[in-house]
Amino acid sequence: MAGADGDDSLYPIAVLIDELRNEDVQLRLNSIKKLSTIALALGVERTRTELLPFLTDTIYDEDEVLLALAEQLGNFTMLVGGPEYVHCLLPPLESLATVEETVVRDKAVESLRKISQEHSPVDLEVHFEPLVKRLASGDWFTSRTSACGLFSVCYPRVSSTVKAEIRQHFRTLCSDDTPMVRRAAASKLGEFAKVLELDYVKSDIISLFTALASDEQDSVRLLAVEACVSIATLLPQEDLETLVMPTLRQAAEDKSWRVRYMVADKFSELQKAVGPEITKNDLVPAFQNLLKDCEAEVRAAAANKVKEFCENLPEDNREQIIMTHILPCVKELVSDTNQHVKSALASVIMGLSTILGKDNTIEHLLPLFLAQLKDECPEVRLNIISNLDCVNEVIGIRQLSQSLLPAIVELAEDAKWRVRLAIIEYMPLLAGQLGVEFFDEKLNTLCMAWLIDHVYAIREAATCNLMKLVEKFGAEWAQNTIVPKVLGMANDPNYLHRMTTLFCINALSEACGQEITTKQMLPVVLKMSNDQVANVRFNVAKSLQKIGPVLDSNTLQTEVKPVLEKLASDSDMDVKYFAQEAISVLALA
Amino acid sequence: MMGDRPSPPRAMSSAAATSPSVDKVDGFSRKSVRKAKQKRSQSSSQFRSQGKPIELTPLPLLKDVPASEQPELFLKKLQQCCTIFDFMDTLSDLKMKEYKRSTLNELVDYVTVSRGYLTEQAYPEVVKMVSHNIFRTLPPSDSNEFDPEEDEPTLEASWPHLQLVYEFFIRFLESQEFQPSIAKKYIDQKFVLQLLELFDSEDPRERDYLKTVLHRIYGKFLGLRAFIRKQINNIFLRFVYETEHFNGVAELLEILGSIINGFALPLKAEHKQFLVKVLIPLHTVRSLSLFHAQLAYCIVQFLEKDPTLTEPVIRGLLKFWPKTCSQKEVMFLGELEEILDVIEPTQFVKIQEPLFKQISRCVSSPHFQVAERALYYWNNEYIMSLIEENSSVILPIMFTSLYRISKEHWNPAIVALVYNVLKAFMEMNSTLFDELTATYKSDRQREKKKEKDREELWKKLQDLELKRGLRSDGIIPT
């Protein structure tokens with residue numbers, strides 16, 4: 001194929017070379033991104049013999065260009081002639097795997113991992129594995145870090161001699177004197193363990209794991225905790241106690257809070273990996289300690305796991321463990337000094353009610369919910385309110401309604417508009433659970449007050465909230481409770497409030513149906529077309545366009561059309577524009 | 001359990017009863033404004049009071065006992081000072097805290113003036129006391145994303161003791177009787193590693209002391225020097241490529257500045273590697289402004305030692321030139337001027353082309369501070385003389401930008417500066433200047449044509465691809 005078109009075939013490489021020398025990075029980047037086009041045009045042979053050597057030799061460029069190149073090369077297998085030739089891609093990727101910039105290096109490793117799968121077992125040993133070895137023994141830390149991510153992809157498919165070498169290299173990197181390399185090795189330890197034969201997991205991985213878990217740098221130790229999950233999953237139950245637990249216990253009490261944080265963060269995974277017996281004997285006390293940790297970060301991470309941990313406890317004595325060991329700690333966290341801890345707890349604590357059942361919930365959890373509903377920090381209250389549905393299933397929301405109301409009222413008027421916004425979003429849910437009477441009595445005024453909030457986002461959310469309420473409670477309810485109030489605002493001296501009326505009508509017309517829209521809403525809208533503020537007038541045009549489909553054609557012709565026509569000759573150009581748009585959308589022309 | 005806790009006072013409750021949220025303040029105030037209200041302090045992550053009050057038996061003053069008994073009393077006092085107090089609890093152990101403070105004060109004075117106190121047994125005890133007090137896991141930062149430029153640093157609560165411990169340790173290291181050959185058994189690699197970790201402390205007072213301590217250790221323990229440099233390397237690399245967070249970068253660079261000053265010539269490969277692979281990439285970090293002065297100092301130190309490093313350094317800076325952050329761009333220009341101040345003319349010739357291509361881009365930056373900073377180079381006599389010597393190379397590179405800005409830039413101050421620069425060039429090399437002015441238009445047209453040709457070329461390439469029946473999904477039909 002190559003050369004078939006005579007001079008034409010010179011273009012691609014000429015273009016590329018020219019472009020890659022351009023001063024503008026963006027142009028260099030563009031040409032690299034079109035590398036596959038160039039390769040296609042060149043054909044597989046010339047791609048292998050000209051393009052790849054060119055790329056390997058001449059690439060010294062901005063990291064952004066290198067990143068694009070590293071990514072492209074991962075998809076190049078077919079362009080160099082398929083799996084048979086895939087090893088041609090190794091030289092450029094090898095040098096990209098040694099650059100300083102982490103993003104580039106990671107992308108090169110990702111591409112190498114990808115194309116490793118396309119190597120035949122023979123090619124893997126002849127071409128790929130030597131590359132891994134070279135990287136693993138490179139001078140500068142970057143190449144050794146990259147090597148860490150490549151062991152696990154070639155290990156399963158090479159001969160046992162090569163396997164032994166790979167294990168040896170991995171071992172060496174685990175005790176590298178550069179912490180960056182040890183971190184890279186520690187982060188791949190779990191992945192590597194998964195592809196190893198069980199005997200080697202026990203003999204090799206465990207000793208590496210133990211060493212990394214007691215590294216002098218906490219940044220290395222905490223990565224060992226992550227590996228702990230995979231390793232524990234691989235080992236038979238009877239070995240866990242001797243091989244893994246001593247290290248895990250030590251990590252849970254590490255002097256660095258970062259390591260303890262990691263243990264707390266991975267607690268559910270660890271719990272699943274070590275099984276119910278060890279959980280009962282070891283993890284329960286460890287979890288208690290984490291919940292009582294001196295660092296708020298650790299307590300918050302542990303508090304986040306309370307529900308999941310309890311859920312996954314062995315069922316036979318779950319309740320007993322929770323009641324005697326976990327709940328006392330949880331009770332203390334409710335009055336923690338740190339708001340992040342309290343709010344982490346508040347986001348999961350409601351989930352305990354399904355696990356503990358009705359009686360325990362009423363007796364033990366309810367007081368905690370109530371305390372959190374009165375917490376000084378709005379986020380805590382909000383988290384409780386947003387999870388009300390869990391409690392609703394177990395004991396019904398009525399139990400809480402007395403305390404709920406003041407909490408809602410206070411959040412509804414919080415100084416931070418984002419808090420107000422958050423509580424509005426829970427209104428439909430609350431309304432559904434509390435029922436229409438409670439709502440009318442206590443919450444309706446709040447919902448209406450939001451309509452005149454000074455922050456637009458709140459007014460907008462309030463409008464949307466009304467629509468959802470109408471969908472829940474029905475048109476009749478709307479007609480009696482909210483429509484009159486909404487329409488009343490049409491006479492407000494503040495034009496922003498008058499516009500809110502229009503926005504509400506936009507949102508409500510469909511849910512309220514034709515009759516209410518025609519008889520009650522439409523007259524108000526039409527009357528507002530005489531408003532002195534242009535913004536109100538063009539919103540009238542937009543509203544008419546919006547509610548048009550709900551009206552019958554007679555009303556459209558006799559009532560809506562004349563008003564829109566009048567607006568279409570308004571002195572304000574925006575009003576004209578939207579009136580004309582409405583006329584054409586409603587096909588009234 | 002909850003019932004007996006008084007609920008916290010709330011400003012809200014009264015407001016809630018009266019009116020809806022109309023006249024309340026929104027949470028848009030700047031971070032720094034909000035933060036300023038809280039007084040923040042923190043203490044070691046590990047330490048929390050054990051609940052029991054701490055009792056120390058008061059010892060006599062050193063000056064009140066005969067000289068022969070002083071060494072032993074000194075040891076006893078050191079041991080007492082290993083006791084750690086909880087400073088987050090401002091009410092506990094007040095008496096004993098005061099006792100330790102006065103003991104530490106006494107120890108500081110004692111090591112400064114006394115002679116013959118430093119027995120061999122004293123070394124491990126001193127190091128133990130210092131380690132006990134200063135080595136601790138630094139607690140998490142109070143604010144989620146501690147931004148050193150915006151946020152007030154969190155101060156170390158135990159500073160009343162900690163400061164004296166540092167003070168004592170420095171006096172000890174500086175004492176005339178101090179013998180590194182004995183001390184090196186105790187002040188070892190592990191000790192240094194822990195010391196370096198403390199540089200991440202948010203408390204600037206502590207970092208300042210650490211700087212002095214590390215500097216003294218580097219000066220006195222020859223065997224630790226390579227190790228210290230390597231560990232600082234690691235800290236920087238992690239800072240650049242992994243976390244972008246480390247509070248003590250400026251302090252470490254300051255120490256390095258003086259270390260570089262003392263490097264022997266010719267420079268070892270290790271040092272050159274440090275310059276190119278660590279110091280230059282430090283420029284990429286977002287918080288550059290916090291340590292840029294120290295960094296630029298280190299770079300210039302290197303170049304004064306070995307001018308042949310100029311080219312890799314400038315090429316490195318050009319590679320990492322900020323694309324979007326004008327503030328950083330101004331810093332880069334400042335550093336470049338510092339480098340040009342010491343550049344040798346032979347080195348200048350090697351990098352003038354890429355360098356002035358960048359400067360030409362800066363000059364035409366729409367951000368006037370960047371343009372202004374670059375144009376200030378023409379006020380620097382030495383740089384001016386270099387430009388003059390090489391005007392035949394530099395003028396063609398700069399001309400297009402200057403000519404265009406003189407017509408187009410929005411900022412009149414920049415236009416005025418550019419006129420001066422153009423005038424200077426005109427005086428320097430009037431023949432070339434006239435030539436460039438004459439060909440300006442045709443040059444632009446040629447550029448436009450080139451641009452067009454490029455587009456054509458790409459189009460052709462795509463046609464070629466289609467003609468060969470190659471599918472756009474990257475699969476070659478067989």
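Note that the numbers count up from 1, one per residue, in the order the chain is shown.
Cβ atoms here come from the backbone N, Cα and C positions, even for glycine.
Sequence annotations record features per position, and here TrEMBL assigns domain 'Phosphatase 2A Regulatory Subunit A helical' to A:89-270. What TrEMBL records for A:12-50, A:89-127, A:166-204, A:205-243, A:244-282, A:283-320, A:326-364, A:365-403, A:404-442, A:482-520, A:521-559, A:560-589 is repeat 'HEAT'.
The helix, strand and coil residue counts that DSSP assigns across the repeat 'HEAT' (A:205-243) are 33 helix, 0 strand, 6 coil. Across the repeat 'HEAT' (A:283-320), the prediction's mean pLDDT works out to 91. Beyond the repeat 'HEAT' (A:560-589), the same-chain residues lying 6 or more positions past its ends with a Cβ under 8 Å from any Cβ of the stretch are 522, 526, 529, 534-535, 537-542, 544-545, 548, 551. When Cβ-Cβ distances below 8 Å are used as the criterion, the repeat 'HEAT' (A:482-520) is approached by residues 444, 447-448, 451-452, 459-460, 463-464, 466-467, 469-471, 475, 527-528, 531, 533, 535-536, 539-540, 542-543, 546-547, 550-552, 555 of the same chain, each at least six residues removed from its ends. Sequence-distant neighbours of the repeat 'HEAT' (A:365-403) (same chain, 6+ residues past either end, Cβ-Cβ under 8 Å): 330-331, 334-335, 339, 342-343, 345-354, 356-358, 410-411, 414, 416, 419, 422-423, 426, 429-430, 433-434, 438.
Residue counts for the repeat 'HEAT' (A:283-320) under DSSP (helix as H, G, I; strand as E, B; rest coil) come to 30 helix, 0 strand, 8 coil. Residue counts for the repeat 'HEAT' (A:12-50) under DSSP, split into helix (H, G, I), strand (E, B) and coil, are 33 helix, 0 strand, 6 coil. Per-class residue totals from DSSP over the repeat 'HEAT' (A:365-403), listed helix then strand then coil: 32 helix, 0 strand, 7 coil.
Mapped onto DSSP helix, strand and coil, the repeat 'HEAT' (A:404-442) counts 34 helix, 0 strand, 5 coil. For the repeat 'HEAT' (A:326-364), the DSSP-based tally of helix, strand and coil residues reads 35 helix, 0 strand, 4 coil.
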